[in-house]
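For reference, Swiss-Prot has these:
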- 1-17: signal peptide (SIGNAL)
- Cys70-Cys146: disulfide bond (DISULFID)
- 166-261: domain 'Link 1' (DOMAIN)
- Cys188-Cys259: disulfide bond (DISULFID)
- Cys212-Cys233: disulfide bond (DISULFID)
- 266-358: domain 'Link 2' (DOMAIN)
- Cys286-Cys356: disulfide bond (DISULFID)
- Cys311-Cys332: disulfide bond (DISULFID)
Amino acid sequence: MGLLLLVPLLLLPGSYGLPFYNGFYYSNSANDQNLGNGHGKDLLNGVKLVVETPEETLFTYQGASVILPCRYRYEPALVSPRRVRVKWWKLSENGAPEKDVLVAIGLRHRSFGDYQGRVHLRQDKEHDVSLEIQDLRLEDYGRYRCEVIDGLEDESGLVELELRGVVFPYQSPNGRYQFNFHEGQQVCAEQAAVVASFEQLFRAWEEGLDWCNAGWLQDATVQYPIMLPRQPCGGPGLAPGVRSYGPRHRRLHRYDVFCFATALKGRVYYLEHPEKLTLTEAREACQEDDATIAKVGQLFAAWKFHGLDRCDAGWLADGSVRYPVVHPHPNCGPPEPGVRSFGFPDPQSRLYGVYCYRQH
């Protein structure tokens, strides 16, 4: 029986007449001894390929490295080693297309798109095809599939990756309910964040998030979390929970947006300065301190993960003025921890300091 030649789609321009299976074109060829395993369909004769991945969700941080575990084995075990093909890809979520991450045959591999230069297979031990992702980005969280292909036999497993982070509501300087879905995506990105998923909002509600303005989520639904039922928020008779308006038109309907930011690689700090500053002066002061003016998502992450606690209102990059409170302070607003907001004052006013961000 001829050996099976397996080549990624993008590497074989003349392959349109070949059978397509599991993201690859297959060709019966005896000419390439390096890519075949020499067994063909023998694997079907009483031997089962098993792929093992963890059932629990993996949690990590933006900028970190993480290993997505994946191992395979044969039942019953085989004496002679076999060369397999491995494919990792990120599953579709909320209408986004699937993303190829990496394909490998033996020691040869190829990564794709934004994953190039950031991913590789561990392969430290026999039958270990775990994927390492370096310099994690906000958009990397989600579900990944590990597929092992031996001839025409294939098995796969799922690994779910979640980033630890903080959800915060974001409102336009022009008031509530100003963003369509795409504008919500843009403003979250401008604040070092992404649009939050329902799971992230629900987890934030479990931790105490209470917000009465409805906002976009990643799946284009509009929802809001309520801990203390009250009249403007669905009425006092409803139980606490996450209220939903359901799916809304991505271009026509307008709401606020819930953003999600993860822990920082750098540091947010209140700049000690002899004078209060205008917004322009605040930006320049951070630059003079070898830093940049902090974004809203960075301030929330510093409050959540680094315990930033300061009762001084300061400018942020979007022109808002905020300050983070972890412990109650006299003359510092409500006793509950949170990031307080002064809204969007006149950029020329000299009433505030500034929060800066410096990368490590």
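Note that Cβ sites are derived from N, Cα and C of the backbone, with glycine treated the same way.
Among the disulfide-bonded residues Cys70, Cys286, Cys332, Cys356, the residue whose Cα lies closest in space to that of Cys188 (disulfide bond) is Cys356.
Listed in sequence order, the residues of the same chain lying 6 or more apart from Cys233 (disulfide bond) and placing their CB within less than 8 Å of its CB are Cys212, Tyr224, Ile226, Arg243. In the predicted structure, the domain 'Link 2' (266-358) carries a mean pLDDT of 96. There are 24 other CB atoms within 10 A of the CB of Cys286 (disulfide bond), with all protein chains counted. Secondary structure of the domain 'Link 1' (166-261) per DSSP (helix as H, G, I; strand as E, B; remaining residues coil): 22 helix, 32 strand, 42 coil. Residue counts for the domain 'Link 2' (266-358) by DSSP state, with H, G and I taken as helix and E and B as strand, are 21 helix, 25 strand, 47 coil. Taking Cys259, Cys286, Cys356 as the disulfide-bonded residues under consideration, the smallest Cα distance to Cys146 (disulfide bond) is found for Cys259.
Separation of the C-alpha atoms of Cys70 (disulfide bond) and Cys259 (disulfide bond): 31 Å, rounded to the nearest whole number. Ranked by CA distance from Cys259 (disulfide bond), the disulfide-bonded residues Cys286, Cys311, Cys332, Cys356 have Cys356 at the top as the closest.
Distance from the CA of Cys332 (disulfide bond) to the CA of Cys356 (disulfide bond) is 21 Å. Of all the disulfide-bonded residues listed here (Cys146, Cys188, Cys212, Cys259), the one with the fewest other CB atoms within 10 A of its own CB is Cys212. The distance from the Cα of Cys286 (disulfide bond) to the Cα of Cys311 (disulfide bond) comes to 19 Å. Taking Cβ-Cβ distances under 8 Å and a sequence gap of 6 or more within the same chain, the neighbours of Cys332 (disulfide bond) are Cys311, Val325.
Of the listed disulfide-bonded residues, namely Cys70, Cys311, Cys356, the sparsest Cβ surroundings within 10 Å are found at Cys311.
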